[in-house]
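These come from TrEMBL:
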- Lys505: ATP binding site (BINDING)
- 27-149: domain 'Bulb-type lectin' (DOMAIN)
- 302-381: domain 'Apple' (DOMAIN)
- 478-762: domain 'Protein kinase' (DOMAIN)
- 1-26: signal peptide (SIGNAL)
- 393-416: transmembrane segment (TRANSMEM)
Amino acid sequence: MRASNSKAFSFLFLIFLAFFSCVSHASDTLKPGEILYSYETLVSANGVFELGFFSSGDSSNEYLGIWFKNDKNKKAVWVAQREDPLPASSGSLSLTYGNLVMCNNRTSDRTILNSDAPATSNDTIARLLDSGNFVLIQGETTIWQSFEHPTDTFLPEMKLGVFNIGSSQRKMQFLLSWFSPYDPSKGSFSLGLDIENRTRFNIWWGDYAYQEIGIWDGKNFILFFESSSNNHNFSFVSTKEETYLTFSNKESSMFSWFVMAPNGVINEYMMKDQEISMVNYSLCDGTPERNASGCLISPLVCENGDDFSEITGLMPSSMVIRRATSIGLRGCELICRSNCSCVAYAYSDGHRAVCELYYGTKHDLHQTIGKGNQAILLRGHRKFDQNRNRNRLILVTVTVIALILLMLTILFSCLWRKYRLLGLEWNKDGMRGSMRLLLSQFSNENNIKENVIGFNRKKNHNFFPLRFSCVVEATENFSAANKLGEGGFGQVYKGKLFGQDIAVKRLSKNSGQGLMEFRNEVMLISSLQHRNLVKLLGFCIHRDERILIYEYMPNKSLDSIIFDPTKRPLLDWRKRKNIMEGIAQGLLYLHKYSRLRIIHRDLKTSNILLDGYMNPKISDFGLARAMPENDHRAKTKKIAGTYGYLSPEYALHGLFSTKSDVFSFGVILFEVISGRKNSIFCESDCSNLLGHAWNLWTSGRCMELMDLTLAASCPMTDLMLYIQVGLLCVQETPEDRPNMGDVISMLSNEGTSLPMPKQPAFSTHLMTGVETPSRRMQYPSQNLVSFSGFVAR
């Protein structure tokens, strides 16, 4: 028996090794037939560099790049497709017919990395070297290498210059900065050889020579690098065929390199004992003073100020002068202004515009008599004519005071007109009357005055009480052409206020319900601020009118798209995933991070509004309830909500908690995934969509639940993850359901092991229990759909 167990263990171990070797690329070589997926990497022989797919910052884009293996930030030193990123987790790299092919697995788009040097044989391999060079080798010949396509990083052994001179295949190799610290696309600054004078290297700002960094004097190449690491051997090679600059490290134990930052500054980095650090700003401006770390780093606020005055008759003596061509007067000033070591500049607009920048101190300028007719703009220069300065000061003071008085008059006039329009005069039906009437519906008479005063003193309300006449004008007297929808609560109209589109929700006069909902929305939403919650702009109380004004949502509600076969294709998987994650973030804010712990109680697809970018916003807080921090659940005798979204403990017993919203969120997940409505589902022997999802899950047929329009955009791993999370949310008992923080964590971490869900709350005894007379639900709208389902706010 023991021998049998030992054989079984050995067999399983061999299977594990075989599987691991198939899915892992913990080597430095990619061979024909192998595929490097987005979750795999190549590592150079001694573990110095790593190649794979990465995302930068919060971007959802994915790039193929190379970075130092021990760099926790994975700052890429080389990027393959800077201007053509891939969607997250969609890339792969393979050797196809001997060529390096990068593929978008969602669209099947292909990019050949070595298109400028295609392979002539299938017998090729791709290898990542310890130098950071990614090479394609055919036989014994390197036919393509990443070092010939640098990005923003200058590594040892890399060459910058011009090659194949005199040939039709002449090629330039230069550094090009990132667009921003987290965006690898092409930036504004580059470093390379001056093609008109192949004895100097410049930093270029677009097409302008921004700064000179080195020059060949005929015998030696003089660099303006002052490196505190002093670990470089620079070489300049110039022949008939090529001219380039390269360097190597003096000490093998210390690896150093240079990076062009997005602002045009060249920074030096060093790796010693597996620790990476930035040494200093290595490119100096020729300043004579140096600190202990290398070059002088200018302070943010210049001692001599940022004002420049034009002077003549002064000539530089021992100052360091930099010249830039074709940069323009404004560009010349900006360059000098950005460096406190630049004390003056001069601009000549002759045959070829030349900008001269002077570095040093003012003492390096000497006065000349009868010479020096060129105008120089000197930083912080002032003339000491006291009378003239006094008169100028008086003139400036009077002018400034007059302008301030004029602006205050205009501002007061605008505010007065605005407040009149908004109805904020206290002697009319404005804020005081509106708030008194609002609070009188829900407060004791003894507390009315105190509540009105307290509300008036608050500064965090971002909405206004509006006059009824203002609302009538904004909606063109509640024109039928502006009507967006209608529900049990009332009607919703589109309007325009101060040039901004708004949504106006008007409480029905004939409705016997709505006052409590009206009070809830005003009081609760006024204290909530989140990007996934709809924004309340104002309200109006006029006689028996109760009106709420919201921001306008051009894409209306989620149910108007997800349940419409003609509009459903507008929402691919990426957009639906963003919508579900946004709803989860909004619920987490309500449950945990808002000033009051809010339970929505009426979460459904018709209450999820979509802005112009398809970002979700939770709306309709008429049934919402605020709960004390120490209370985990509450009970009500009046069960209100929408059939198909209510949790069983709420529908049967009137018990509600944050887990009630979690249940409703789970229902929305399945409706978004399938494009079908839970409450009217009738495509199988199950009574609702939850039961259908459970049957498909237990029988391993989850693909059948997916909306057919998602076939090309939804990865199988995402589908399985979202279905499992949805089933966890709709479990029968609240204790089994996760909270919204756990839901977001599960949706964000695909590799996390999730618990197995229990059978959801869809059994027959629950459904019949809702219909018993003692537990009949009271719907907020007569047609089972609340007003927000028709509103674009």
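Even glycines carry a Cβ here, placed using N, Cα and C.
Note that the coordinates shown come from a computational prediction; the quantities given were computed from them, not determined experimentally.
Residue counts for the domain 'Bulb-type lectin' (27-149) under DSSP (helix as H, G, I; strand as E, B; rest coil) come to 3 helix, 56 strand, 64 coil. Counting every protein chain shown, the number of other Cβ atoms lying within 10 Å of the Cβ of Lys505 (ATP binding site) is 27.
Across all of the domain 'Bulb-type lectin' (27-149), the predicted model scores a mean pLDDT of 91.
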